[in-house]
Amino acid sequence: MAATPDKGKALELALAQIDKQYGKGSVMRLGDETRAPIEVIPTGSISLDVALGIGGLPRGRIVEVYGPESSGKTSVALHAVANAQKLGGTAAFIDAEHALDPEYAKAIGVDTDSLLVSQPDTGEQALEIADMLIRSGALDIIVIDSVAALVPRAEIEGEMGDSHVGLQARLMSQALRKLTSALYNAKTTAIFINQLREKVGVMFGSPETTTGGKALKFYSSVRLDVRRIETLKDGSDAVGNRTRVKVVKNKVAPPFKQAEFDIIYGIGISREGSLIDMGVEQGIIRKSGAWYTYEGDQLGQGKENARKFMRENPDVANEIEKRIKEKLGIGAQVDAETADPAPVDF
């Protein structure tokens, strides 16, 4: 039904009043202008960037990373922090678990000298600090590790056996209502690391659930389920884990894709290993028996030798990464060591 001239005029007056009161762009027609592509922060694994559909974690959104203990949740978050810093951004880490290892963070590539770290006493303090940092508009990424450790003040000050049903869920719900718009306006990515619990008496379906109530599930634009699927060994010594990440929720691209990559102890996600896996899958790297070749040049016999060759020849790794991203249409290469810092828009 077409709008009458009177209705159209009334609407224009209302829109003018809204723009005057709340700022230009507060209300707009969906077809007026094309939306800018979603800005991203690379994860450090090209296979995970591809699974996310846009080339990394979306800026201005909430991301939940959950999984069993020692599955690689913090490693994934720290790689995102390192990549944000390489792009010239500022990062913060709310260490509610008081378990951040600075040496491991540095090995992953995090600039620990400029990383903002807080070890709060209560959940309220943690979320208030996060809110103030986000509203400053100067932050590109913030990690909260973990939701389970955001203990409400009443629980800390109470007796050990006291019942505090639903306190943490209410705290999270209230905080996320405040944080969502602030994150969007500041283009800050918030990564909430979460733990798994088991629901008692579940007969059908998965008994696993995450802590902190249901609010985080709703407010998250991306939810990543991180699982360790295999132990990597050098002879009889364990040197790392094979990790599978499933994108169980994705508001910015099709969900339910998954990625596999290696996490090497003391080093983090093997970028070269991910490039080899994706290169073979996309036909950019040729695998014949145990040998890997690229453009007729041998990378090595066996994955470990190919990985070592690419680590020693970063130009080859960067070229392969660029070709994979161009073929899959997920944006430019951004996490090369030699890349110039990109300007940061707030």
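Easy rule for this one: first residue shown is 1, then count along the chain.
Positions of Cβ are set from backbone N, Cα and C atoms, glycine also.
Pulled from Swiss-Prot:
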type: BINDING; residues: Gly67, Pro68, Glu69, Ser70, Ser71, Gly72, Lys73, Thr74; note: ATP binding site
Determine the Cβ neighbour count for Lys73 (ATP binding site): the number of other Cβ atoms within 10 Å of its Cβ. 24
Would you please pick out, from the binding-site residues Gly67, Ser70, Gly72, Thr74, the one with the fewest other Cβ atoms within 10 Å of its Cβ? Ser70
Let me know the most crowded of the binding-site residues, choosing from Pro68, Glu69, Ser71 and counting other Cβ atoms within 10 Å. Ser71
Enumerate the residues of the same chain, Gly67, Pro68, Glu69, Ser70, Ser71, Gly72, Lys73, Thr74 excluded, that satisfy the criterion Cβ within 8 A of the mean position of the Cβ atoms of the recorded ATP site; list them in sequence order. Val226, Arg228
Once the DSSP letters are reduced so that anything not helix or strand counts as coil, what is Glu69 (ATP binding site)? coil
